[in-house]
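The domain 'tRNA methyltransferase TRMD/TRM10-type' annotation in TrEMBL covers 1-220. The S-adenosyl-L-methionine binding site annotation in TrEMBL covers GLY109, LEU128, GLY129, ASP130, TYR131, VAL132, LEU133.
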Amino acid sequence: MRIDILTLFPEMFSALEHSIVGRAQKSGKIEVNFHNFRDFATNTQKHVDDMPYGGGQGMLLMPQPIFDTMASFPHENARVLMMDPAGRTFDQKFAEELSQESQVVFLCGHYEGFDERIKSLVTDEVSLGDYVLTGGEVAASVMIDATVRLIPDVLGKKASHEDDSFSSGLLEYPQYTRPEDFRGLKVPDVLMSGHHENIRKWRLRESLAKTLRLRPDLLEAYDFSDEEKAMLSDLKAADHAV
Ligand code: ADE
């Protein structure tokens with residue numbers, strides 16, 4: 001995957017040099033290119049923003065530096081993402097969709113909004129969540145991280161993201177590693193039993209219980225099997241009994 005990032009602050013992306021995303025760059029599974037759009041400003045002071053017509057607070061990114069930066073590299077079939085708190089909220093499903101693309105462009109503003117005409121260059125307006133950041137850089141870093149780990153072979157061969165929270169529509173069940181007893185905190189017996197069917201059922205029940213407790217909104221969109229339906233009504237009944 002080719003990733004292009006339009007930003008005034010490329011140094012804010014140093015997180016991408018490390019760990020799994022860093023390795024994906026070194027092994028050539030992804031290529032990351034930075035474009036500082038201040039380099040494309042044509043005015044002598046290298047300004048990239050100006051006051052909004054009609055008045056109002058704050059500055060807006062001007063179209064010219066962004067249009068000229070976009071014209072400076074190939075992106076014919078790319079997804080072009082504008083980092084914008086007013087965009088659609090980024091989620092695991094969108095990360096999965098992006099991980100299939102051959103090129104993704106991230107357009108990051110800083111402090112300010114965008115001149116509306118910049119949106120003609122963009123395929124998706126995307127927000128990290130319902131809060132306002134100082135700029136799009138942190139949001140783009142998060143989206144790149146979540147996307148790159150889903151590219152085939154970026155996680156080790158043994159690793160799997162199919163059990164991740166969200167990828168099934170439920171939160172992930174609790175997991176334990178050694179020791180079996182840590183300062184009196186014990187691993188549930190069922191996980192030590194070697195009984196695969198009981199372990200599977202326990203994990204499913206824990207996933208459902210955790211999702212019901214922390215993210216009941218996810219259950220509204222979930223397509224339940226008969227087994228899951230029965231478990232969920234048990235859990236709800238147990239909850240009411242308390
Ligand atoms: N820029 C400022 N806030 C943002 C957010 N929540 N998501 C994406 N880009 C942003």
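In case you wondered, yes, glycine gets a Cβ from its N, Cα and C as well.
Source: prediction; values computed, not measured.
All features noted in TrEMBL, drawn onto the structure.
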| residue | record | DSSP class |
| --- | --- | --- |
| GLY109 | S-adenosyl-L-methionine binding site | coil |
| LEU128 | S-adenosyl-L-methionine binding site | coil |
| LEU133 | S-adenosyl-L-methionine binding site | coil |
Among LEU128, ASP130, VAL132, LEU133, the binding-site residues whose C-beta sits under 6 Å from ligand 1
LEU128, VAL132, LEU133
Densest Cβ environment (other Cβ within 10 Å) across the binding-site residues LEU128, VAL132, LEU133 belongs to LEU128
So how many other Cβ atoms are close to TYR131 (S-adenosyl-L-methionine binding site), meaning within 10 Å of its Cβ?
7
Note: among binding-site residues GLY109, GLY129, least Cβ-dense neighbourhood at 10 Å is GLY129
If one looks at the chain holding ASP130 (S-adenosyl-L-methionine binding site), which residues at least 6 apart in sequence have a CB under 8 angstroms from its CB?
PRO85, THR89
For S-adenosyl-L-methionine, with binding residues GLY109, LEU128, GLY129, ASP130, TYR131, VAL132, LEU133 per the record, max Cα distance (Å, no decimals) returned as 17
